[in-house]
Ligand SMILES: Nc1nc2c(ncn2[C@@H]2O[C@H](COP(=O)(O)OP(=O)(O)OP(=O)(O)O)[C@@H](O)[C@H]2O)c(=O)[nH]1
Ligand SMILES: [Zn+2]
């Protein structure tokens, strides 16, 4: 693909409709494909442009759609989905990781490593972002009861897409490819060794396609660049591979956890006490469901564990940020002091 159009890059009515008439007349639209400390690279049709981040510009990350003019970045469009690290209770202190992903593949292998709890954890992370999770179970060739395990995953959520593949077989990936069509942005999540790179290499047909329409604003002529975080898939989609995604922790993803365990949330509305913790309260509909076999004890256990972990991580993150802020203030104060001492010398 030499010159991707904005539609190839994922432009759709949701983003276009956000533009004002003034912006349509005077500005351009583009997608952030690289983010550095003080500048970003915007892909806009056949151009890749480097733009400085204006001082105090809003938070921005790879995958964002931005409005810009000849001179500067104007604004970031509202996102359809967003991976971020948040600290509880603070809107400002968040680190954005990747925006506007359509599908996130949750990769888990069908052999010894298979673990429903872990899949639920990734589901909570993905649901929080509002991207669509798709579970891919790899190493089907090493497993004797593929369908049985697929069923176990399907039971987590009847609407969830779950596919089993042998990542090593080239002709085995049509299920995945259907999510990677033109204009779609996808990403992979999963623990080490489950076969993510194998799938990616296979999807890429072993040759990472290069965009050769890259011309930076300040350089003459065209040269070919591959981006660290974005790869073109032969089906037309974009694969986003930002390092931060691999290290995501559960923090402040309560909504994602609740969406992932919608069955428990719904049962909880029947508990006698509104704030029931489903531990040993009387007339608890959730415990009753476990006793009757309608809900697995494992699932309830994991729900509670993920909520605890989320609360713990959110709190420590908030604390750490507050500490960092105090430290920065202290350093600035000392620097100011040093400067004023110099002045009077
Ligand atoms: N038999 C079989 N082996 C597979 C399959 N998928 C991956 N493997 C093997 O599993 C090992 C790990 O695969 P990778 O693709 O490197 O796993 P990864 O998830 O990228 O791992 P990290 O890079 O550590 O995150 C490699 O030896 C692969 O050849 C599969 O479907 N079947
Ligand atoms: Zn209860």
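Every residue, even glycine, has its Cβ placed from backbone N, Cα and C.
Annotations in TrEMBL come from automatic prediction, not curation.
The GTP binding site annotation in TrEMBL covers 138, 139, 140, 141, 190, 191, 192, 193, 194, 195, 196, 197, 198. For 271, 276, 278, 284, the entry in TrEMBL reads Zn(2+) binding site. If you look up TrEMBL, you'll see 93-248 marked as domain 'CP-type G'. For 99-246, the entry in TrEMBL reads domain 'EngC GTPase'.
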Nearest recorded site to residue 198 (GTP binding site) by CA-CA distance, among binding-site residues 271, 276, 278, 284: 278
Residue 284 (Zn(2+) binding site) and residue 192 (GTP binding site), distance between Cα atoms, whole Å: 39
Cα-Cα distance linking residue 278 (Zn(2+) binding site) and residue 194 (GTP binding site), given in Å to the nearest integer: 34
For the domain 'EngC GTPase' (99-246), residues assigned helix / strand / coil by DSSP: 45 helix, 35 strand, 68 coil
Secondary structure at residue 284 (Zn(2+) binding site), reduced by DSSP to three states: coil
Proximal but sequence-remote residues of the same chain as residue 271 (Zn(2+) binding site) (Cβ under 8 Å, at least 6 apart): 278, 281, 283, 284, 285, 286
Cα separation, residue 190 (GTP binding site) to residue 276 (Zn(2+) binding site) (Å, whole number): 33
